[in-house]
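Trainee: Feature list, courtesy of TrEMBL:
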DOMAIN    B:72-262  domain 'ABC transmembrane type-1'
TRANSMEM  B:12-33  transmembrane segment
TRANSMEM  B:76-96  transmembrane segment
TRANSMEM  B:108-131  transmembrane segment
TRANSMEM  B:143-163  transmembrane segment
TRANSMEM  B:184-209  transmembrane segment
TRANSMEM  B:240-261  transmembrane segment
Amino acid sequence: MATTQTKSAARLMMAPSVIALLIWMIVPLSLTLYFSTLNYNLFNPGDTPFIGLTNYRFFLSDPAFFTALRNTLALVLGVLVITVGGGILLALLLDQAFYGVNIVRLLVIAPFFVMPTVAALVWKNMMMNPVYGVIGQFLNFIGLGAIDWFSTAPLTAVIIIVAWQWLPFSTLILLTALQSLSEDQKEAAEMDGAGVLSIFWYITLPHMARAITVVILIQTIFLLSIFAEIYVTTSGGPGLQTTNIPYLVYSQALLQFDVGGASAGGIVAVILANIVAFFLIRLIGKNLDA
Amino acid sequence: MARAVSTRRKIGFTILGWTVGFLIFFPVLWTVLTSFKTELQAISIPPRFVFFDWTLENYFAIHERSNYFRFALNSVYLAFGSTLVGLLFAVPAAWAMAFSPTPRTKDVLLWMLSTKMLPAVGVLVPITLIFRDFNLLDTRVGLIGVLFLINLPIMVWMLYTYFKEIPGEILEAARMDGATLAKEITQVLAPMAVPGIASTVLLSVILAWNEAFWTLNLTTTNAAPLSAFIASFSSPQGNFYAKLSAASTMAIAPILIIGWFSQKQLVRGLTFGAVK
């Protein structure tokens, strides 16, 4: 089949995509690398001397960086714990046969399609507002007293919002994996006298292991760059309490006009993401039978 | 599901399932309900769930801020524009990789995926400066370019996994029967490729519609889509709950419906076929 002619035709068909992505990857990334070595501030764009790694030294030794790094990790880990744990339970629930299971499935995956800016605003104003929010009124009603989420526990509030958006994703993936588990295997285990818990622990969970890994890796990639939810709800504050690395880079670039410093921060973000991506690519690459 | 399930067990799971589903869906439901209340009823204490005077005034009010339509139109332009450009690039590439694979095809696919891992903040500064220098800031063309590029790897992957499932023998058989190239494409290939292309279009539209990082940073008014329009409600003077709800409902309704229809394909698209 693969004559020289079809081969060159194939190359021609792939060329636009490959070239477009090559440019998209190389041009901005090399510019970011270049800017990161300059003392480049948009207030003074005429004079941009080369300063080597000074921007990195400043960015990495800035206390704001450590706060942002800690917040980024707390956000990623917090959301992962909620979505993976909750996703497993939800997938198990939705795998059962009950009345209206298909409709419930649609209800559960709905948050994934809500655009991040809408999700953030709805939670901030209508759920978590201490006076008018539904959660506050509910807590008042049962006598616990409303919480002013965004001033007392801003990072927790952001974690809840983001987890709500990503719970459907892990549920959907884990449910798909669960449905490919053969009933025979479970039945055989049941016949041998295995209880519900040991079936879950020795059969169901190992079967889902691969899907769980995929969920963790893909979500981590997206969660490392959470931006809209923070931009809309807290603008990184109060203080630096909800500033993560993307928000820190954004504020350095577009609020403080420090192109050099922001570029150094951008490169740090790229390195962080690549560490995660390395494992993801290896995992998916193994599955690819090209 | 060959096992008999006792009715009692089924009812128990029905109650549990619906309760959990309702709780997770609640913020969406509450937004839709609030959009039909008056501003006063929207902030009434205790909250009113169904017993309020249903009104459409918020929807009319949002329409009267005539620019709402421009934002909505921008969302449509950006989501469908970037998807269309993406298809023009991705279909031939995926087609070539699926039907004339070379030893390097796998590497090319993985490399494409790796560009998706590039965090947006890493390239925010140069893209903003390039956009400024080429007068692309706040233009639809510029944003379509960015959205198309960030979704291109996913589109190629999704199309590739679909195209690979089309058996090559069918094509050869058609050729043996003397089918012309035009017939081969319209009568043999297209019917088998269309479902895959349709799911890819849905996923790409969803992702582009909801994209917020680039739309917030590269637009102000002219090219701003709904995701940026909604973000403007976070300013103090815009905090009218009922109107915010009406605008939110209109922003998420089309994509929610599309998403519900494409949920099955979504798993494949989002995990690059790693979970089946």
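The first residue you see is number 1, and the count goes up from there.
Note that Cβ sites are derived from N, Cα and C of the backbone, with glycine treated the same way.
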Trainee: If you count every Cβ pair below 8 Å, which range out of B:12-33, B:76-96, B:108-131, B:184-209, B:240-261 shares the most with the transmembrane segment (B:143-163)?
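Mentor: Highest pair count goes to B:76-96.
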Trainee: Short question: most Cβ pairs under 8 Å with the transmembrane segment (B:184-209), which of B:12-33, B:76-96, B:108-131, B:240-261?
Mentor: B:76-96
Trainee: Does the transmembrane segment (B:240-261) reach the transmembrane segment (B:12-33) with at least 3 CB pairs under 8 A, where each pair is 6 or more residues apart?
Mentor: yes
Trainee: Determine which residues of the chain contact the transmembrane segment (B:108-131) at the Cβ level, with the cut-off under 8 Å and only residues 6 or more beyond its ends counted.
Mentor: 97, 137, 142, 146, 150, 152-154, 156-157, 160, 213-214, 217-218, 272
